[in-house]
Every structure is written in C-alpha cells, then in structure tokens.
Amino acid sequence: MTTPAAQTAIIGAGVMGETLLSGLVRSGRRVDRLLVGEKRPERARELEERYGVAVVGNREAAERADTVAVVVKPQDMGELLDEIAPALRPGKLVVSLAAGITTSFIESHVPEGVAVVRVMPNTPALVDEGMAGVSPGSHCSDAQLAEAEALMRSVGRVVRIPERQQDAVTAISGSGPAYIFFVVESMIEAGVHLGLPRATATDLVIQTLVGSGKMLQETGTHPTVLREQVTSPGGTTASALRELEVHKVRAAFLAAMEAARNRSRELAEGS
Ligand SMILES: NC(=O)C1=CN([C@@H]2O[C@H](COP(=O)(O)OP(=O)(O)OC[C@H]3O[C@@H](n4cnc5c(N)ncnc54)[C@H](OP(=O)(O)O)[C@@H]3O)[C@@H](O)[C@H]2O)C=CC1
Ligand SMILES: O=C(O)[C@@H]1CCC=N1
C-alpha cells in the first residue's frame with residue numbers, strides 16, 4: 001500500500017512552527033499528511049518523536065506538499081525561498097507566517113503561478129486561542145485563501161485583512177501576548193512587594209486576567225465601561241489609575257506598538 005502524498009509542509013519548526021504543527025495534529029490532521037522541514041538534526045529528531053511526523057529536507061518538503069507554510073525568521077526568508085523555489089510548481093500555495101515579509105517579496109522569489117498568503121499569527125495558538133490576520137497575495141484563488149484560513153483556524157480565530165494593515169496587526173496581536181505577559185509579571189512583582197506570597201500573587205493575577213478576558217469576550221461591553229464599573233468614587237482603583245496616568249502607561253503602550261509596527265516595516269527591508 002502506498003502512503004498518501006503529504007499535503008501540508010511546515011518549514012522552520014521553532015516556537016511558531018511547532019505551535020502550528022501541534023495545533024494541526026490536535027485538530028485531527030493526519031500526521032502522514034504533514035511534513036516538517038527543519039535544519040537542526042537534534043530538533044528534527046525531537047519533533048519526529050513528539051508528533052510522529054516526518055522531518056525531511058526543505059526541498060523535499062516543498063516538492064511533496066501542496067501547501068507550504070514557511071515559519072523561519074524574516075531574515076532567513078530570502079535564502080529559504082531560493083532553496084525551495086525549484087520545487088514549487090504553479091498551483092502550490094506558500095503561506096508565510098513571518099513578520100514584515102510582504103507577499104510581493106515572496107512572489108518575487110518563487111515561480112509564477114505559485115499562490116502566496118501572508119499570515120500574522122500569535123502564540124496563544126498553542127492552546128487553540130490564536131488570533132491570525134490573513135492577507136492574500138496577488139494571484140491567490142478563493143480556494144487557496146480558504147485553505148490558508150483553515151490552516152490557521154485549527155489553532156484559533158482568523159480575520160481577513162488588507163495587507164497594508166499587516167504591520168499594525170503584527171504590533172497588536174502578533175507581539176501582543178508579550179505585552180500581556182509583561183503586565184502579568186509586573187503585577188505579580190507588585191503583589192510580592194505588597195507582602196503577598198509569590199504563589200498567591202501569581203494565582204490572583206492569572207485568574208484576574210482570565211476573568212477580565214472572559215468579561216470582555218462574553219459581555220461585549222466596552223472596556224472603558226468595564227473599567228468604570230471597577231472604579232468606585234474616591235476608592236482604591238481610582239488611586240491606582242491616577243498613578244498609571246502619571247507614569248504615562250497609556251502613552252507608553254502607544255509608543256511601544258508604534259515601535260513594533262516600525263520594526264515590522266524594517267524587517268521587510270531585510271534589516
Ligand atoms: N514567536 C512568535 O510569537 C511569533 C512569530 N512569528 C514569526 O514566525 C517566524 C518564526 O519565529 P519564531 O518561531 O519565534 O522563531 P524561531 O527562531 O523559534 O524559529 C525559527 C525556526 O526556523 C529554523 N530555520 C531557520 N532557517 C531555516 C531553514 N533554512 N530551513 C529550515 N528551518 C530553518 C530555525 O532553526 P535555527 O534555530 O537552527 O536557526 C528555527 O527552528 C518569524 O518569521 C516570526 O516573525 C509570527 C508571529 C508570532
Ligand atoms: O517578535 C517578533 O518579531 C515576532 C513577530 C510577532 C511576534 N513575534
């Protein structure tokens with residue numbers, strides 16, 4: 001009996017590549033329909049053992065798959081595309097998860113007729129709560145765009161966005177989990193300063209985050225209203241919020257996300 005041809009390849013199985021791979025396996029994709037391209041042999045062995053997936057050379061992965069997800073660092077993308085281009089025949093689909101890299105850059109490195117979709121995912125995909133912004137390249141069919149969306153939907157939500165918004169999406173939801181974890185770290189440290197045991201502070205902060213997230217999602221109430229509901233007149237929250245304003249936390253978030261957006265643009269230039 002012959003093994004059915006693999007349909008989806010993931011090239012670059014670092015943090016984000018493995019996150020996608022694990023989600024596809026969890027969502028029930030057959031492992032004999034998945035291939036991984038990863039250059040470090042010890043990493044390849046680890047992935048083979050963990051998922052039972054075949055790890056092959058990049059060129060072979062691109063040759064055998066209909067959909068090729070490229071999940072290397074933006075700086076490695078040009079070299080990778082040049083390596084796999086000879087295996088990419090018209091009709092195949094390349095899905096890039098790299099920050100900054102434009103569909104026109106990818107199209108200029110692959111044969112004509114290869115479809116390209118640019119995606120900005122995020123790491124909550126690891127628990128099927130990802131958020132991915134998806135933009136088609138210049139000659140991507142509806143079916144190919146739907147295939148890229150299905151790939152990302154296996155690990156969370158998907159929104160279709162014009163490609164000009166990709167750098168902003170990268171700054172908000174791509175990098176976003178890091179800002180949230182930074183806030184969580186800061187609140188835990190504050191709890192410890194206030195005399196709480198670290199484990200208690202950690203429990204309090206995480207459940208507060210989860211509860212607040214659920215309120216936002218389930219009530220659909222605007223965050224300003226939810227914040228006002230917590231802020232009793234002359235109370236503790238008002239005192240805390242005044243300090244956040246004095247320390248320009250709102251302005252810091254704006255500056256931080258502008259910096260992330262600008263860095264995404266720079267990555268497109270190859271720096
Ligand atoms: N981490 C995140 O939260 C997010 C990441 N992304 C994007 O995902 C991409 C990967 O990021 P991330 O997973 O964090 O980075 P990692 O460094 O963890 O992963 C990149 C992986 O690609 C491998 N690699 C590099 N060159 C090749 C090659 N030629 N062939 C096969 N494998 C190769 C690397 O191996 P080695 O280490 O040996 O070089 C590494 O395992 C980036 O483009 C990033 O912008 C997008 C959204 C969120
Ligand atoms: O930090 C980065 O460049 C990647 C892209 C978005 C999240 N991580």
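Any Cβ shown, glycine's included, is placed from N, Cα and C.
Remember, predicted model here, so these are calculated numbers, not experimental data.
Features of the protein shown, as given by TrEMBL:
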DOMAIN    9-100  domain 'Pyrroline-5-carboxylate reductase catalytic N-terminal'
BINDING   ILE11, GLY12, ALA13, GLY14, VAL15, MET16  NADP(+) binding site
BINDING   ASN58  NADPH binding site
DOMAIN    163-267  domain 'Pyrroline-5-carboxylate reductase dimerisation'
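Mapped onto this structure are the features recorded in TrEMBL.
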residue: ILE11; record: NADP(+) binding site; Cβ neighbours (10 Å): 27
residue: GLY12; record: NADP(+) binding site; Cβ neighbours (10 Å): 24
residue: ALA13; record: NADP(+) binding site; Cβ neighbours (10 Å): 26
residue: GLY14; record: NADP(+) binding site; Cβ neighbours (10 Å): 13
residue: VAL15; record: NADP(+) binding site; Cβ neighbours (10 Å): 10
residue: MET16; record: NADP(+) binding site; Cβ neighbours (10 Å): 24
residue: ASN58; record: NADPH binding site; Cβ neighbours (10 Å): 22
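ILE11 (NADP(+) binding site) carries a strand DSSP state (E or B). When secondary structure is read from DSSP and collapsed to three states, MET16 (NADP(+) binding site) falls in the helix class. Per-residue pLDDT, averaged along the domain 'Pyrroline-5-carboxylate reductase dimerisation' (163-267), amounts to 98 for this model. Each of ILE10, GLY17, GLU18, LEU20, GLU38, VAL71, VAL72 belongs to the same chain as ILE11, GLY12, ALA13, GLY14, VAL15, MET16, is absent from that list, and has a C-beta within 8 angstroms of the C-beta centroid marking the NADP(+) site. When DSSP labels each residue, the domain 'Pyrroline-5-carboxylate reductase dimerisation' (163-267) comes out as 90 helix, 0 strand, 15 coil, counted as helix, strand and coil in that order. For the pair GLY14 (NADP(+) binding site) and ASN58 (NADPH binding site), the Cα-Cα distance reads 14 Å. A straight line from the CA of MET16 (NADP(+) binding site) to the CA of the residue listed as 'NADPH binding site' spans 17 Å.
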